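Novice: The structure's right below; bear with me while I get my questions together.
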Amino acid sequence: MKKQAVSILFFLLGVACFHPAHAQYVAPDEPFQVSFATYALSTADESTGPAHLIVLTLTPKDGWYAYAGDHPGPVGRPPQITAQTLPENTSLVPYLPPGQDKPDPFDSQRTMRVYPGSTPLFLPLPGGTDSVDRVQIRLRLSLCQDTKCRETVVNMVYPMEKLDGATLPQAQEQPWWPQYEAARQLGPQRPNQTTTMPVFAPPTDQTASPIRESDATRWNLSPRSAAPTLEVGGLITALALGLLAGLILNFMPCVLPVVSLKLSGLLAGGSLEETDKRRAFREHNIYFSLGVLSWFAFLAALLAATGMAWGEIFQSPLLVTILSAVVLALALSLFGVFTLPVVDLKLDTKTSRPEAQAFFTGVLATLLATPCSGPFLGGVLGWALWRPVYEVMLVFLCVGLGMSLPYLTMALFPGLSRHFPRPGAWTGYVERGAGFFLLATVAYLVNILPEEALTGALVLLWCTALASWLWGLGGPAASRSKRLWVRLSALLLAVVAVAWLAIPRPTTQSWVEFHPDDLQKRLGRELIVADFTADWCPTCKFLEQTVLVDQQLQRWAEEFNATFVRVDLTEDDPEAEALLRALNSRSIPLLAIFPQGEHANSPIVLRDIFTTRGIDAALKQAQNESADE
């Protein structure tokens, strides 16, 4: 692949070899050429519709093709065109015609849509643009052969003569007119397929000159807040905003699934009349709030000790999987499958340990809210996590106090309970609704897991459902021996499932993302395997699925002590493209193996289609060169 900003071409109108409304771009080292022409649309409504049409005819060299505008993906990118008139700076909307079917060389079940030969690409000029002086065009192409791909970006300025419909060729009479009509049927190129571009001044001659890519930017920023009065500047401000942030956290949409964990405490007071029931209602809210504050205190200590960020514990796949199983068990308890021994969320359940139930319900509610954020919380935590441990603890406790305020208020004024509806048959529907909320939380937690953890998560969830059902069989109606046997079986199943999940799996060989400074530091010290790839390169994806698989990467890492660097060219990356040029290549796939020692600057390069055997031989060669020094 080669993404090269080739040139700004200003086509003079009096060149003898061209019609005044025609021009052509040809680069000898590019596998394509582009010609330009302007045509009149005789049926246009001058006030609203396009009056003229610029046609870019893309002609790939033999064996090359571009992806069509109707290519279904996911691999491959159609031409991307950005154009605007000068000096008016009116953006033009491109239209791409349908392509031709081509079998995918790496997947017999898939058909690509491509432009294998000369193909017109269309830029309608709206009515009232007769005064256009020139049109600036940026054309980004991903061109492929069956074994390799490359990318090119061409920036051009196309001069426009005074547009006169009487002298311009009529678009309706051209052989490509059916393609234009088909392109209009497909619709304009989607906005997210185009990019903005700077305005280029026209060059003073016709000589193509390359546009220099800027070096990678080294950021040295001094950010300014849009609301400086809300910025945290000291401990007092942090405590005040933390209290407010915790209160608001109760009303954030991401906390809605947690509402089901609070309903038992809020609705249980609906029928309170006697003093002891009011006391129970007060105690429930106090212990629930203690659970919230305890979790925030634990979280403050954990984050202060480890330097982790808010919500970062949810980056552990094992923790997220276990938490999803716990939430599934809570949901099943609300559907009546079984009764939890400590945290029972059903509204009509009487427990011998109401304090413990309220406390752990508060802990669990806050644990599930940990990934959430809200107004003020980001700034408060961003300030606090750089402070001493005692300040971190104070700020987190203030956030927890803010989240607990509604429940502490009800504890201080238990008479508020008389405003709650009395429990009745309707509470069963509330429980089922809360159960569905929790099932949605399970789906969310599973969704954030990495792909390699999904199988283990599904096994644990299945075992959790089975264990919950077994536990439910040992209800009050069962004999003591049956209850003991069934519940031990359920506990054993749950423990075995978690233990199996915690067994370390063979680690997959991870790729190091390319950064020029990092690569420079590694050169000569490590044996480096650099893979140049892109999402729009089907050959690259084929090799990733057949050759550069985890099993092979692990073997090469162990046998050759190799470091694997992935150079992703899906998007513009001047540093990556400079490295590709330094390897005398303009297309991908490409694999570069940098030996250790003084041969590091003479990498071994494998191009296009490469095999496991070829990589083995290249790695052995690189290893031998390092050993000879």
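Placement of Cβ uses the backbone N, Cα and C atoms for every residue, glycine included.
Pulled these from TrEMBL:
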DOMAIN    497-624  domain 'Thioredoxin'
SIGNAL    1-23  signal peptide
TRANSMEM  232-252  transmembrane segment
TRANSMEM  286-310  transmembrane segment
TRANSMEM  316-338  transmembrane segment
TRANSMEM  359-386  transmembrane segment
TRANSMEM  392-417  transmembrane segment
TRANSMEM  429-447  transmembrane segment
TRANSMEM  453-472  transmembrane segment
TRANSMEM  484-503  transmembrane segment
Novice: Under 8 Å for C-beta pairs, could you tell me which stretch among 232-252, 316-338, 429-447 has the largest tally with the transmembrane segment (392-417)?
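Specialist: The stretch with the most contacts is 232-252.
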Novice: Per DSSP, what is the residue tally for the domain 'Thioredoxin' (497-624) in helix, strand and coil?
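Specialist: Taking each residue of the domain 'Thioredoxin' (497-624) in turn, the totals are 60 helix, 30 strand, 38 coil.
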Novice: Considering only Cβ pairs within less than 8 angstroms, which of the stretches 232-252, 286-310, 316-338, 429-447 has the most against the transmembrane segment (453-472)?
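Specialist: Most contacts with the transmembrane segment (453-472): 316-338.
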Novice: For the domain 'Thioredoxin' (497-624), what is the mean per-residue pLDDT, to the nearest integer?
Specialist: 85
